[in-house]
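> Straight out of TrEMBL:
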| type | residues | note |
| --- | --- | --- |
| BINDING | D468, D474, E477, E478 | Mg(2+) binding site |
| DOMAIN | 47-162 | domain 'TRNA-binding' |
| DOMAIN | 414-490 | domain 'B5' |
| DOMAIN | 716-809 | domain 'FDX-ACB' |
Amino acid sequence: MKISLNWLRDFIDISKLPAQGSPEELDVLLTNTGLEVEGIEPHDKVPGGLKGFVVGEVLTCEKFEVKEKTLSLTTVDAGLDEILTIVCGAANVAAGQKVIVATPGTQLYDKEGKELFKIEKRKVYGQPSEGMICAEDEIGLGDSHDGILVLDTQVPNGTPAASFFDIAGDLVLEIGLTPNRADAASHWGVARDIRAVTGLPILLPSPALVIESNAHPIAVEVKDAGCDRFCGISIDGIQVAPSPAWLQERLTAIGLRPINNVVDITNFICHGLGQPMHAYDWNEIKGGKLIVDTLAAGTVFKTLDGIERKLTGEELMICDASGAIGMAGVMGGEDSGIKDSTTRVFLEVAHFKPERIRKASQIHGLKTDASFRFERGTDIQAKLFALEYAAQLIQELAGGKITSEPFDYYPTQVELVSIPVSVRRVQQYIGIELAADRIKEILTLLDFKIEADKGDEFVAISPAYRVDVTREADIIEEILRIHGLDNIPLSDHLSANFISEFPLLDKERVQLNISQILTAKGFQEIITNSLTKADAHASIAKDLSFETVEILNRLSEDLGVMRQHMSFAGLEVLAHNINRRQKDLKVFEFGKTYHKKGAKYIEKKHLALFTTGLWSGETWSSAPTKTALHHIYQVSIELMRSLGVTEFETDTIENSSVFAFGLRISINKKACLEVGMIHPNLASKWEVKQDVFFADFDWDYWVKQEKADFVYQEISKFPEVRRDLSLVVDKTVSYQAIRKLAEQYEKNLLKNVSIFDVYEGKNLGEGKKAYSVSFTLQDESQTLTDKVIESTMDRLMKGFEKEIGALIRK
């Protein structure tokens, strides 16, 4: 937010501050109150602020001819230590003239503020030239280039041109306004904080309107509770024209483009008083009536920027007899704006529910000065004051007469917040014995009213514009920021130890350990939004047993519901990277899912793993390896073992809209991990065309399974041997059954059983599927021989054929 120091002086006399309101002084003062000054920039009335330009006197002038040109070799007293020699091409230069001189090092600019060139000492046609005698267009004060600017003055030579022409520039503070400080979103608001710290009085205008007649009233009907105050007034006989220089300077200083006197006044009120307002061409209001209401979803409305926007049916709209003429609190309509031919206006100052304006602004991507203030909260009690001041300014700058009584729809007076305050608690929280009188003085300077005063206890009545102050803690914060943190002495008992470690909670320690394991395996952690598209849930509806949690005040349709499944955001991240040619990915996320069951809301934490593309790239010793199910499955098993879990059941995932194929792992019949390949139909929702493998841990459950005590054993000196089998079995046979049979038939040498593929196809036969299973064998006492390995695998195969009717694929 930009604050002009010249404009700020209209509200408070900062020259009475110890440093006369210097930018450095205001920087410290405002930052200490919570209005952080992020930058200070000069604003010049003319480009460059006439730096380097001074009043000089031509002492001598001698003409000379060069290539059919007549030039003048002059000597000029510019108030410097030495007389300047300057070659001048203007025909009207003469000795004895007072002129404007650009001294060496002066930067010249064009009308738009772009740098042209810098004045340097040089030779011109063989003659030394140490500056430039200027025409009015060369200093930005006019368009004439018919000769040098000759001054009728006797001011001393060397007088800065900026001082001579009285074009002192402005300084602009860039304030980082936090969302809760809606009260400070104006020059008046910033002045109030300065008043609270310094005690200087606020300077406000006192508009006194003369109502000539009630010939042009506008009826207003408010049909939606989203508007709780609406003020308006009609002014006839105005003349739309450019604003006077002082008003244009106020606006340009904060980066606004002057348009015309009427529109500029509405912007002046918005940034000066923090009250957004709108001016309508009275003759364009059909039926002589305004209606505040919503319109049907799908209605097309063209805003002032010329863009047609399709309404959702939730926006507050300002309508006349023909339809919408403005989107309340956001932007006016194209046809209702002020034109050069406008002679009669209707001014509107209103108060809208902040959440309604924020939603409309977000949906349509319209961020305006009005919406910025309305969605944070404006002062409902200052509406009529702002309206009357704007009407008075229009009469002063555009002429005209007030031809309607001020309209004020205000059905329910705002109820000011009453906050009980204990002096003892204030002192306790801020850490010093601040006197009760000082506490009340600060609150009074902040426009709080003190009631039910019992000395050490009282009630503070919050002003209407302080929408962020609702409880005693807020009051204490206000007292602390105005009294000043720098005025709170540090305790002698404070100490700090940067060596000792802060103990982590068990769940944080476990999560950190798992994160370290995953990053060591080449995974990268992602953090995604817990909001997602509503239609994403529809695509896997049959896998979801609960209702979605919808966002009432959604930012957009793409962020309309809380996610029910961890796959959504992960696929979005993969799509983002794949579209940027990063196709080999391993990522993980700790995140939450949200469900609704009846009136109950359920929140669960998950660990999600995603892999796609190559598992390992090509090296000098190995070919690239494409990611497969067994890769992510093996990582999942290792994570389980790191948590001390070795006993579990495994089943295949059937008929899923999330997984094309996969495995479900359970502990004591509690399903707590699903791992498999994302179904192509789901991946295509995010335009991901390559295979994606996904593991979803019920993290809340897994944290409880973690075992602190581990049993360690010596690593075997003898190598492991891996053998793979492809088993064709009935679809009713689970992988868990295969695993149990293997452990039953070989109890000594079998160290691990893992699945790396599941296949179904017509060539297998009706009701059949194939499991590709890996068996790891190891003898702790000796190296396995081929004979022992073959005997073991033969025993396993016979067991599978006998017990589950497996066909061993060769």
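Each Cβ is built from the backbone N, Cα and C atoms, and glycine gets one as well.
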> Quick one: DSSP breakdown of the domain 'FDX-ACB' (716-809) into helix, strand and coil?
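Residue counts in helix, strand and coil order: 33 helix, 33 strand, 28 coil.
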> My understanding is the cutoff is Cβ-Cβ under 8 Å with a sequence separation of 6 or more in the same chain; which residues meet that for D474 (Mg(2+) binding site)?
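Listed in sequence order, they are I419, D468.
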> Of all the binding-site residues given, E477, E478, which residue's CB has the most CB neighbours within 10 A?
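Buried the deepest by this measure is E478.
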> Applying a 10 Å Cβ distance cut-off over all chains shown, what neighbour count does D468 (Mg(2+) binding site) have?
17
> Taking the mean position of the Cβ atoms of D468, D474, E477, E478 as the Mg(2+) site, which residues outside that list, in the same chain, have a Cβ no more than 8 Å away, listed in sequence order?
R466, V469, A473, I475, I476
> According to DSSP, collapsed to three classes, what secondary structure does D474 (Mg(2+) binding site) have?
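In three-state terms, D474 (Mg(2+) binding site) counts as helix.
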